[in-house]
Amino acid sequence: MASDSNPASEDGFQAPVCCSARYNLAFLSFFGFFVLYSLRVNLSVALVDMVDSNTTAKDNRTSYECAEHSAPIKVLRNQTGKKYQWDAETQGWILGSFFYGYIITQIPGGYVASRSGGKLLLGFGVLGTAVFTLFTPLAADFGFGALVALRALEGLGEGVTFPAMHAMWSSWAPPLERSKLLSISYAGAQLGTVVSLPLSGVICYYMNWTYVFYFFGLVGIIWFILWICLVSDTPETHKTITPYEKEYILSSLKNQEAQVRSLLRELDATLPQLKIPSAATKTWYSQLSSQKSVPWIPMLKSLPLWAIVVAHFSYNWTFYTLLTLLPTYMKEVLRFNIQENGFLSAVPYLGCWLCMILSGQAADNLRARWNFSTLWVRRVFSLIGMIGPAIFLVAAGFIGCDYSLAVAFLTISTTLGGFCSSGFSINHLDIAPSYAGILLGITNTFATIPGMIGPIIARSLTPENTIGEWQTVFCIAAAINVFGAIFFTLFAKGEVQNWAISDHRGHRN
């Protein structure tokens, strides 16, 4: 029976989760980010097999402070892949070149997604990255310069994906389901790392390194076809969404807009007492639906935005340092053999993936059932997700050659970082839903810088690969994490900002 009541606000109605369009979007985007991170990290494993061992022998930096953890495992290995004469510095440029493309398309990607939708932008970003990955063996044959250029092009493609996804969620995610939906969506990145690291090693062992790029590239193309066929930019344009779910999503987003309008009405009532013309709020009312320009200056002056920037930069310093150098630490300091290394390097990201999924559920429950404020949830989850990893990262550096504790502490450190997926990582949608893609482009631009300079600084601080040198690396990363957590806690906000009200649409019309 049809009802005139608002199902999202008055009756507390919530559209079913099972087989819903919004959760289908979450799971498809989950696999999209799974593919993206697989395409991003597979080179770090394949590169070991691509380089002539005679070239790297003189660059051997293995520390002998810790005893060999286990005897080498003798496995019949395929050796047909072509080898290249690339020294350690050249390899560093190859691995880092991705970020030089990645940083360029962050803000443009967010702007385009906010204007024309994120579906095609994200889809073609993944497709471009996948196609370029298929050409990696050919580029390697052409030489170092061609491979660096190809990796930079892959970065250009991936750079638009996160801002595009954020822009899509501004039209799809009911406010009280944001943590769940976004944590599911972005958790694919962690699982992609978990699977790609050991799987790339297995492919290199039993086939050869070229098949690493062929396999993941083809997976990316298959995902693109599914994405284009099954996803829509907004609930209004989705072909198979149920009327109940569409009404639930749209009405919940309109309720958020209504709350903003209510605040403006209260302000309008107080303006005569302040001798401010009420025409000011009438202008605001009209701007709620008519203003289309991006308020760049107020946006860039917003302290809550810079709170997210600082937190994102700080978190990524630790994330990218470990993502790039954890296999090195396992091999050259703790001295795990290559087979153990691939799996053990992936274990921390498995923990992070599980934490992201569970923390998203917890965050939305705290807001919906226990009435905790959005700001409180974002602050607490960011504190846990940044200070917790800092503590265990420092502890990992000070336990010496205790292999079990080292792996355990690094795993706990990375796992706790998953709480940030329901903290600062989605705060863009809280403070400016209409500009969420652009905001993520801005914050991710700054957050890409640690990926470019963090590993280089870590390498320069560990010339002998001693435990003491790595303690310094871990302490610097921990200090940056703690600073970011404190800064976000002090200056973050959980409500829509005034500069964002000028175009607060709730969903794309």
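In case you wondered, yes, glycine gets a Cβ from its N, Cα and C as well.
Per TrEMBL, the feature domain 'Major facilitator superfamily (MFS) profile' maps to 24-496. The transmembrane segment annotation in TrEMBL covers 21-39, 93-113, 120-140, 211-231, 303-323, 343-360, 380-399, 405-426, 438-458, 470-492.
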Listed stretch, out of 93-113, 343-360, 380-399, that has the most CB pairs under 8 angstroms to the transmembrane segment (303-323): 380-399
Interface-richest range of 93-113, 120-140, 211-231, 438-458, 470-492 toward the transmembrane segment (21-39), CB pairs under 8 Å: 211-231
Listed stretch, out of 93-113, 211-231, 405-426, 438-458, that has the most CB pairs under 8 angstroms to the transmembrane segment (343-360): 405-426
Long-range Cβ neighbours of the transmembrane segment (438-458) (under 8 Å; 6 or more residues past either end): 92, 95-96, 99-100, 102-103, 106-111, 114, 162-163, 166, 294, 299-300, 305, 308-309, 312-313, 315-317, 319-321, 324-325, 428, 431-432, 473, 476-477
